[in-house]
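A.B. asks: Here's a structure for you.
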Amino acid sequence: MKNTILILFTAFIALLGFFGMSAEALADPKADPLAGPNPDADPEAINLKAIAALVKKLLG
């Protein structure tokens with residue numbers, strides 16, 4: 001049961017990261033992808049990305 005919950009949680013975090021990056025790309029399609037995130041493009045997408053990174057860091 002614990003492994004199932006861990007797998008589902010990891011999949012959820014991965015989807016958050018994927019859709020967060022997609023939303024950021026849609027909000028600012030002409031931005032240089034190597035320049036990093038644009039804080040003016042879509043702050044909510046950047047926050048989801050930051051939350052996903054924090055959870056990944058906490059889980060190891």
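Every residue gets a Cβ built from N, Cα and C, even glycine.
The model shown is predicted, which means the values in this text are computed figures rather than measured ones.
Straight from Swiss-Prot, here's the annotation block:
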type	residues	note
MOD_RES	Leu59	leucine amide
REPEAT	27-30	repeat 'AXPX 1'
REPEAT	31-34	repeat 'AXPX 2'
REPEAT	35-38	repeat 'AXPX 3'
REPEAT	41-44	repeat 'AXPX 4'
SIGNAL	1-27	signal peptide
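How buried are the listed features, and what sits near them?
C.D. replies: Around the Cβ of Leu59 (leucine amide), the same chain contributes Thr10, each under 8 angstroms and 6 or more positions distant in sequence.
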A.B. asks: Summarise the model's confidence over the repeat 'AXPX 3' (35-38) as a mean pLDDT value.
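C.D. replies: That stretch averages a pLDDT of 64.
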